[in-house]
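Enquirer: Got a structure for you, questions after.
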Amino acid sequence: MAGGDADPDCDKPACAVKDDMFAMMRRTAKVAAEDAGGDASSSGRGIDGVEGAQGGTHPRDKDCPVDKEELGRGTWALLHTMAAYYPDKPDALRKVQARRFFDALGDLYPCTHCADDFRVDKARNPPRVESRTALSVWLCERHNEVNEKLGKEKHSCAIADLDERWLKGPPTCWHG
């Protein structure tokens, strides 16, 4: 799979970055157009009329497999939401289920280098499953470690901030 941040040892879409693929397609189209005496950027569109990723975004085609970034966003949303709804006082079975879930995630996650990294981090920092607060904060810390590696913004792991984001949401979420 093409892409500057893509895992060279993984050819699955889940390891690639679509913006990088679109940028490569635009460069290829531009070179081809210049060779033909035209201008690939005159329409503001890339190959086959697909909007480019100039602003760091691209249109989401519902029939396309997710790339690494979409997979990551969706996974983090699921994980943070699960943690937000995790019991305050989970019983022994729920704790075992939570640990097994995170073990399975590290084994089954389709982005191989992401899964490898998660397993290493999880071995150093095992899931804290004793309460909703503990799990939510643990997950936020894991997310911040990933964000730091990617050069992205880190977020507050205060439970009030996590609850605002993943459990309650601001009023604008519920009132147009």
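The chain as shown is numbered from 1 upward.
Each Cβ is built from the backbone N, Cα and C atoms, and glycine gets one as well.
I grabbed these lines from TrEMBL:
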type	residues	note
REGION	33-67	region 'Disordered'
COMPBIAS	34-45	compositional bias 'Low complexity'
COMPBIAS	46-55	compositional bias 'Gly residues'
COMPBIAS	58-67	compositional bias 'Basic and acidic residues'
DOMAIN	64-166	domain 'ERV/ALR sulfhydryl oxidase'
Enquirer: Quick check on the domain 'ERV/ALR sulfhydryl oxidase' (64-166): DSSP residue counts for helix, strand, coil, in that order please.
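Expert: The breakdown for the domain 'ERV/ALR sulfhydryl oxidase' (64-166) reads 74 helix, 0 strand, 29 coil.
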Enquirer: Mean pLDDT over the domain 'ERV/ALR sulfhydryl oxidase' (64-166): what is the value?
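Expert: Mean pLDDT, the domain 'ERV/ALR sulfhydryl oxidase' (64-166): 97.
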